[in-house]
There are 2 protein chains.
Amino acid sequence: MDITFLGTGAGVPSKKRNVSSLALQMLQERGSTWLFDCGEATQHQILHTNIRPRKVEKIFITHLHGDHIFGLPGFISSRSFQGGDSPLTIYGPKGIQAFLETALAVSGTHLAYQVEVMEVEEGLLYEDDHCTVHCHKLDHGITSYGYAIQEHDKPGELLVDKLKEEGIEPGPIYQQIKENPVVEYNGKKLYREQFIGENKAGRKICILGDTRSQESTKDFIQDADLLVHEATFAKGETELAYSYYHSTTEQAALLAKKANVGMLILTHISSRYQDDDIDALLQEAQSVFPNTKIANDLSTFQITNMR
Amino acid sequence: MDITFLGTGAGVPSKKRNVSSLALQMLQERGSTWLFDCGEATQHQILHTNIRPRKVEKIFITHLHGDHIFGLPGFISSRSFQGGDSPLTIYGPKGIQAFLETALAVSGTHLAYQVEVMEVEEGLLYEDDHCTVHCHKLDHGITSYGYAIQEHDKPGELLVDKLKEEGIEPGPIYQQIKENPVVEYNGKKLYREQFIGENKAGRKICILGDTRSQESTKDFIQDADLLVHEATFAKGETELAYSYYHSTTEQAALLAKKANVGMLILTHISSRYQDDDIDALLQEAQSVFPNTKIANDLSTFQITNMR
Ligand SMILES: [Zn+2]
Ligand SMILES: [Zn+2]
């Protein structure tokens, strides 16, 4: 699983940073990619990556500001034009359906696949045998959400050495032990828990939309392996951040620290910050939360289990 | 006056050709720029030009296919964000207003300037002291228009040598002769027509949306100095062009020839054509109409009076 940033700027595109979008690539885990936000020219950015639009299974929209949604009609249309035929589900705040329906109807767009639009509210949004997705309300003037993807724990490995010590040689019995709490073998009861290693904890990834720093987000992101948080402004600009419903680098880092996350990636960087400023932004965050990165367009990070 | 192509591809963006948009720059003539179509990432392309969004006074939409309109909400929003405060008028087929209203409402976008949306029909669309704009229906499955910009003729220069021969020395009288059909001067009647050179003909620029080749377009584009025509397909693909409501290179060139235009620029090139193919496309058009060019993204052409 890794995460590729497609747009890391705030509000308007610049030559260096496009408007918001990122891709959570889970090709090994589930053979698909999820997008979070889809600002204008997301499909153009994708042309410079290995992401295949037909593999995009879900799109989560954090909020309806134009720099987070205006690339959606184009991405959806091109996915069809390029032969995508598997269903696509789009999650977002109320209004996303009207936006999409109007854009597709007016443009006479007929998709070769099924699109389901889910207008979301706080709470459990989605669950399957790989993970759950929860949704949490942020503080951004208009409705803005954060999404938490929690992988299920995976059962540990079979302890083959221990089985052999007990004289149990490889065969169909190994699979039986894996699948059943108790198995009878040569008149002996074998308990699964004795022959299976520790559970491998699933990863937790939290991707937040634009937001003021808020205390109530702490529980939602608690112990995440990865937190993606906006940092529109530098440490010193708390008033500006507050009045525009955004966060500073330091506020994001403090939240990451309080919630004991594994790694913090900052994005949604104002175009007022260039080159050297970016280093300064990074340092002020790292002085609070050392394992902080700042995302650039097209940068990719592996998501490892930090527990 | 010159024309800059912002997107010259068909249907979906590629690394080489973005979806449709072009800018007619009339900074000398009227201190402003007009856009024709506004596919996704038009505002991104503009970042690589000298076009200033705040100087964009009018946007003409040829038809509502996504590759011609999905950049409109983003362009309009960013123009405001970047301090644009002069009014903007958008012309396009019925449906353009609903698209824009929904996109702006859903995204909570409040513009710092006034937008007027005019849903157009065939005929005279606009007139001021610089030019007229007419609109003509094409053949593209959905409503698609061509636009003709006709500059007014400009009165010729005052023939100063001739005035001096008649013993009329420079002074306020020169301006009076320019402005009045007849002027009395030292008891003599001076007729303007005798002292003014030939009218300078205004230029005619025709920019067409996607279309099948159609005979009825000939009169609309007759004697244009510049014709911008789509050429989605190569000469041999007339059936494909017909069934997708598009044109071939040769069809566009034939029309240019029949209508006696000055120069033809082909755009909306399918991504099936790359590199060497493009040379072939150009040659097959030039063999019918020699003064043909193929537009590339960000290429600019001066528009000269060909009469
Ligand atoms: Zn934003
Ligand atoms: Zn088109």
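Cβ coordinates come from backbone N, Cα and C, glycine included.
Because the structure is a prediction, the values reported are computed rather than measured.
What TrEMBL lists as active site, proton acceptor is B:Asp67. B:Asp67 (active site, proton acceptor) falls within a helix when secondary structure is assigned with DSSP. Note on B:Asp67 (active site, proton acceptor): other Cβ atoms within 10 Å of its Cβ, all shown chains, come to 27.
Around B:Asp210 (Zn(2+) 1 binding site), the same-chain residues six or more apart in sequence whose CB sits under 8 Å from its CB are B:Thr62, B:His63, B:His65, B:His68, B:Leu138, B:His140, B:Ser144, B:Glu230, B:Thr232, B:Tyr245, B:His246, B:His268, listed in sequence order. The feature Zn(2+) 1 binding site is assigned by TrEMBL to B:His63, B:His65, B:His140, B:Asp210.
Per TrEMBL, the feature Zn(2+) 2 binding site maps to B:Asp67, B:His68, B:Asp210, B:His268. Within 10 Å of the C-beta of B:His268 (Zn(2+) 2 binding site) we count 29 further C-beta atoms, all protein chains included.
Using a CB-CB cutoff of under 8 Å against chain A, none of the binding-site residues from B:His63, B:His140, B:Asp210, B:His268 qualifies.
Cβ-based neighbour count (10 Å, all protein chains) for B:His68 (Zn(2+) 2 binding site) stands at 27. Residues B:Asp67, B:His68, B:Asp210, B:His268 make up the record's Zn(2+) 2 site, and a Cβ search at 8 Å around their centroid adds B:Ala10, B:Gly11, B:Val19, B:Ser20, B:Asp37, B:Gly39, B:Thr62, B:His63, B:His65, B:Gly209, B:Glu230 from the same chain. Using the Cβ center of B:His63, B:His65, B:His140, B:Asp210 for Zn(2+) 1, the list of other same-chain residues with Cβ within 8 Å runs, in sequence order, B:Thr62, B:Leu64, B:His68, B:Leu138, B:Gly141, B:Ile142, B:Ser144, B:Gly209, B:Thr211, B:Tyr245.
Using a 10 Å Cβ-Cβ cutoff, B:His63 (Zn(2+) 1 binding site) registers 26 neighbours.
When Cβ atoms from all protein chains are considered, those within 10 Å of B:His140 (Zn(2+) 1 binding site) total 22, not counting its own.
For the recorded site, B:His268 (Zn(2+) 2 binding site), the DSSP three-state label reads coil.
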